[in-house]
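To start, the structure under review is shown below, and the notes come after it.
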Amino acid sequence: MGRFSGAASRLHRTLQLSGDTDQWRNRDLIPLPPDRTTWSSWDFLYLWSTVFFTTFGWQITSSLLGLGLNVWQSILCNIITKFLQTAVVFCVGWPGGVWHIGFTVNSRSVFGMWGSYAPVILRIFLCIIWYGVQAFTGGQLVAIILSTIFSGYHHMENTLPESTHMTTKQFVGYVIFNIISLGLLWVPPDKLKKPFKFIAAINLLVILGLAIGLIAGARGGSLGTLQTSQRTDNLGWTFIHGFAVVFSGNAVGMASHSDFSRFARRPGAQVKGQLFSFLISGNVVPILGIFGTAAAAKMYGDVNELGLWNPPNILQMWLDNQYHNKAMRAAAFFVAFGLTSSIMAMNSIENGVSGGMDIAGLYPRYFNIRRGSYLLAAISVVINPWQIIANGTIFTNTLNSFGVILFPLMGTMVADYYVVRKQKLKLSDLYRADASSIYWFEGGFNWRAFTAWLVGFAPSVPGLAALNPHNTGIPIGLTYTFYLWPIAGFFASFVLHAGLCYLSPPAGIGAVDEQEFHDPMYSERSDEMQSQTITAMEKGQHR
């Protein structure tokens, strides 16, 4: 028994993070010190460009062609959406740039110390899904790279049943992609800004080359009005559906933006970069993807039936039809290699790092961002992401479901920060879980925020049933409500939360720390200040 207890004690010490951690803070959760807030506008430009210059940037708008929109309708839908996304991400990311805290800690000021666990757990779940989907897309690309090099790999016998919507060689590529990704997840997020510069530039050229190659192969023509899939019976609602898909497509990354805006060297340093990224970078690749997919549809067939909205499927068709052509294999190799690097970078920052930070927020003593990212990557295998990426309709419905949940959440948080608290936070109280904290509310929960979030989300719930194609009796009005709800839910929760706080104001509105709050517990240059500040926090001297 004594040996068992000793082994358990050693294991506990091994698993516990070094430093003075507790239930609410570790190095990745505290407000960042000046030596870690080094990102300029250029770094945020590279960050978001890395997100948009990927297969995801191609997939999301190209999938609109599968809904029945033509090329120009899909482009217009994307442009309108990007303006709205820019406004939302500005509002959501600003607190991180000012106070240098991420989504996990900021949630405490809105939902309460214990209540913050709900949005954090939700976002972990969504990050797991999205990490898995992007990892499988990366696995498809790795399989293509290996197929271009090894003929035996290309002709590998498929031993998996058709119902898995995945081949054996794709599964091998998926495993390899996940293993390589672990190396990128090891790098601290504040050190990732340098790779962004090269990856964004390389992949813009790769996607440009892919689109031009497809358009040239299709010999141009009337791609703008080409009907690439089934015709829609109701263009207006199909356009709104497309708007909801694109608007919701970046919902996880938009909700996570304070996780990266916290690295801004000064408040507002993130604005120019994100403005240019959303309005320029966020339109370049989607437009190229739409024309490229339309060209592929002209050459090969229906977008949905053949999955042409997904670039790996196009590359696979190249190999299946012209494997003997060395030039075609070389083109497939370079395109797949470039897209693999971009999707690996995007997946690690938008899903791995953000989800890892949320897991660290649940268990700060045992998880930092790195450990949380590894756990998230492991769990993502369980969700069978290959089923989501198998069909354009399933893919767009999944994106839509993200939006109807997350945008009411973001609406609640934006209302709380700008309308209720007038952009003022008391940082020391975000790390104190008792009645002395202004963010304790009622037993650690803010009922106002939960009411606004749930009421803002509830009208879309019946429409979620329409995502299952076997549910044929869903009234069309509920489906239309579901399409509208990402943007409508944001404003509904915004107004309701502001109204509830006006009628029943929470304690401590407008309160800030009397002196600038720093937690130097992990600064190598401030050992003496460390003990003083931690003691001050514990005694409440920062109140």
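Here the Cβ of each residue, glycine as well, is placed from N, Cα and C on the backbone.
Curation plays no part in TrEMBL annotations; they are all automatic predictions.
Range with TrEMBL annotation region 'Disordered', chosen from 148-169, 522-543, is 522-543.
The transmembrane segment (199-218) and the transmembrane segment (275-297) are in contact, since at least 3 Cβ pairs between them lie under 8 Å (pairs 6 or more apart in sequence).
The transmembrane segment (327-347) makes no contact with the transmembrane segment (439-462), as judged by fewer than three Cβ pairs under 8 Å among residues 6 or more apart in sequence.
Among the recorded stretches 171-187, 439-462, 482-503, the one sharing the largest number of Cβ pairs closer than 8 Å with the transmembrane segment (114-133) is 439-462. Sequence-distant neighbours of the transmembrane segment (171-187) (same chain, 6+ residues past either end, Cβ-Cβ under 8 Å): 135-136, 138-146, 160, 340, 344-345, 347-348, 352-353, 356, 370, 373-374, 377, 381, 386.
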